[in-house]
Amino acid sequence: MSSESKNDPRSPARPFWLSGHFAPVANEVTAHELPVEGELPNGLDGTYVRNGPNPKDGFSPHWWFGDGMVHGIHLAGGRARWYRNRYVRTARFTGTVLDRERRLRGGGTSNTHVIEHAGRILSMVEAALPMHLDGELSTVGAFDFGGAVDTPMTAHPKRCPSTGELHFFGYQVVRPYLTYYIADAGGRVVSKREIEVEGPCYLHDFAITERYALFFDSPARMIRDWGAGMPFEWSDSHQTRIGVVPRAGGEVRWFDVESGQLCHTANAFERAGTIVLEGIRSARFEAAPPYLYRWELDLESGRTRERRLDDRLVEFPRIDDRRTGRPHRYTYVVEMLDFVDGAPTRSLLRRYDAETGTSLAQELGPGQIPGECVFVPRSAWSTEDDGWLLSLVRDGERDVSELVVLDAGHFGAAPVARVRLPQRVPFGIHGSWVPAAD
Ligand SMILES: [Fe+2]
């Protein structure tokens, strides 16, 4: 491949994550008072933020390895007040030489998720500490919870809706392989425990229930540190199992399950002596399609049951985060209908209803490629589907990107609003709603 064809975004020689709707954008943009089609709900008062890889020199050897870029859209008073996109300025981004310690301390990329906790916006990647961003998405610096976190941090922490605690973990190729942390609602780490495992494995996501944390020990073994390509190797001899860890402390209990890996958690909860974990499962790391799946762990008998819930190819499961750890009714996913070279080229949003056992598609129109959707409740007291769903959507026919707002209570109906963004937003990974401060 010539370097010319590799660097030409229209070249078919370029991998999927550098072309089409994944192609990185070159500029950091600030725009105010964005055009809105439809009516933005007055109740949306805050900032939608979403992270994703956007290699600054236009090339990365894998989708996961591009520099992180956070896109933000600030909504208030029925208007779209601003759009900003900013690189997460890690040490690698600014050109600092990286040893392992520096990578851990926010040196590598930070491109996977972005959340708010205890007044801080945190950009996250599972290979390093989170990066603290200010309200306008500029990088403040690496964040180690006041020195309490000395391992990488997952990009999928879970906030307990009852306590406001942030539960998270770090995995790494050296001991301790797996560390489980709990930070209180104020951002202070109040619990740090090593979870004893045979060795490190790819552990992208986990789950909490009201009393337990769940860790998925898969055959995707971590065989070296990040920094020299994908550090995982599938081991057919490794028994896949789920570790059930009491949040309050105590023995870990392991449940053997079918060989496979948890890609993303939808939710987990306890029901009549059983722990239910729902999420996206793939039978093999980067080599098998993702499906919605349910594992049930019987705490009394020790038996497990598991099954695929649907034959559609789906990813990016999200729920109303206020249901985290307790039974939920609705799961929202991105369904992938067509692929070219591993990249989805046609997709839609789908909602699963656990009460009826049915699902419903949300068509957005031809050429529209939605990303993960985020649920925003109408108020703290509203019911599970009383609120809105936000998704960044690429319109391939018009070559624009929009923040699409759906009424969650009328899933499947036309969007209530579309916010036109001043530039294309590459298909990215995870995002959050950051409510305006009271
Ligand atoms: Fe993820």
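One is the number of the first residue shown, and numbering goes on along the chain from there.
Backbone N, Cα and C atoms are what each Cβ position is placed from, and that goes for glycine too.
Per TrEMBL, the features are as follows:
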- His156, His204, His264, His430: Fe cation binding site (BINDING)
Once the DSSP letters are reduced so that anything not helix or strand counts as coil, what is His264 (Fe cation binding site)?
strand
Across every protein chain in view, the count of C-beta atoms other than its own within 10 A of the C-beta of His204 (Fe cation binding site) is 19
For the Fe cation site given as His156, His204, His264, His430, which other residues of the same chain have their Cβ within 8 Å of the site's Cβ centre?
Thr112, His113, Thr154, Ala155, Asp205, Cys263, Thr265, Ile429
Cβ distance under 8 Å to His264 (Fe cation binding site), same chain, sequence separation 6 or more: which residues?
His156, His204, Asp205, Gly279, Ile280, Glu315, Phe316, Pro317
For His156 (Fe cation binding site), list the number of other Cβ atoms lying within 10 Å of its Cβ atom.
20
CB neighbours within 10 A of His430 (Fe cation binding site), counting all protein chains shown, number 22
